[in-house]
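So that you can see what the record holds, here are the features copied from Swiss-Prot:
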- 79-91: compositional bias 'Basic and acidic residues' (COMPBIAS)
- CYS126-CYS155: disulfide bond (DISULFID)
- CYS133-CYS159: disulfide bond (DISULFID)
- CYS142-CYS154: disulfide bond (DISULFID)
- CYS148-CYS163: disulfide bond (DISULFID)
- 119-167: domain 'WAP' (DOMAIN)
- 44-115: region '12 X 6 AA tandem repeats of [GSAL]-[QEK]-[DGLP]-[APSLQ]-[VGDFI]-[KR]' (REGION)
- 46-104: region 'Disordered' (REGION)
- 78-126: region '2 X tandem repeats of SVP-1 like motif' (REGION)
- 44-49: repeat '1' (REPEAT)
- 50-55: repeat '2' (REPEAT)
- 56-61: repeat '3' (REPEAT)
- 62-67: repeat '4' (REPEAT)
- 68-73: repeat '5' (REPEAT)
- 74-79: repeat '6' (REPEAT)
- 80-101: repeat 'SVP-1 clotting 1' (REPEAT)
- 80-85: repeat '7' (REPEAT)
- 86-91: repeat '8' (REPEAT)
- 104-109: repeat '11' (REPEAT)
- 104-126: repeat 'SVP-1 clotting 2' (REPEAT)
- 110-115: repeat '12' (REPEAT)
- 1-21: signal peptide (SIGNAL)
Amino acid sequence: MRSRSFLVLVVVFLICGTLVAQAAGRIRRPKGKGTKKILALVKGQGPVRGKDQVKGQGPVKGQDLGKSQDPVKAQLPDKGQDLGKGEDSVKGQDPFKAQLPDKLQDPVKAQPAIKRLILLTKPGSCPRILIRCLMVNPPNRCLSDAQCPGLKKCCEGFCGKACMDPK
């Protein structure tokens with residue numbers, strides 16, 4: 001009787017250990033489904049990426065590696081530079097200032113509708129979840145209440161976020 005219960009305990013511990021190892025390490029993943037390469041840093045060493053050149057890959061001929069070009073500045077003519085062929089000068093206008101934009105628009109402030117959509121919360125509270133899955137990073141079916149149909153809310157569920165009926 002004792003040996004049988006001992007074997008049952010050993011099997012239970014092996015199964016639990018396997019589940020924890022899979023959840024913590026994610027040893028194998030299906031090809032093409034969210035696989036990411038992770039750089040491991042060793043104490044005293046930098047990341048390995050980009051140290052060795054691949055054969056046949058070198059700097060482009062005629063390109064200076066020390067100086068980086070700003071794409072905006074590269075398009076603007078110098079103040080003393082003449083206009084190119086086919087370009088007419090406007091009287092009283094400096095050709096250098098003519099190519100600068102009048103007003104710069106902040107891309108974050110240009111999208112207030114999206115910001116309001118994400119922050120929209122529906123009334124009610126999420127149901128309490130008693131049991132959770134063991135996945136380290138479970139997949140989410142929604143990110144905000146706005147993505148859920150009707151009165152449903154985006155809540156933390158059994159395994160990741162999902163649309164649920166509120167309390």
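Positions of Cβ are set from backbone N, Cα and C atoms, glycine also.
In the shown protein chains, 20 other C-beta atoms lie within 10 A of the C-beta of CYS148 (disulfide bond). A strand conformation is recorded for CYS163 (disulfide bond) in the three-state DSSP classification. In this structure, CYS148 (disulfide bond) belongs to neither helix nor strand by DSSP; it is coil. Packing around CYS154 (disulfide bond) is summarised by its Cβ count: 21 other Cβ atoms lie within 10 angstroms of its Cβ, all protein chains included. Within the set of disulfide-bonded residues CYS126, CYS142, CYS148, the entry lying nearest in space to CYS159 (disulfide bond) is CYS142 (CA atoms). Between CYS126 (disulfide bond) and CYS163 (disulfide bond), the C-alpha separation comes to 10 Å.
Most buried of the disulfide-bonded residues CYS126, CYS142, CYS155, judged by other Cβ atoms within 10 Å, is CYS155. Over the repeat 'SVP-1 clotting 1' (80-101) the predicted model carries a mean pLDDT of 55.
The most densely surrounded of the disulfide-bonded residues CYS133, CYS163 is CYS163 (count of other Cβ atoms within 10 A of its Cβ). Calculated from their C-alpha atoms, the gap between CYS154 (disulfide bond) and CYS163 (disulfide bond) amounts to 5 Å.
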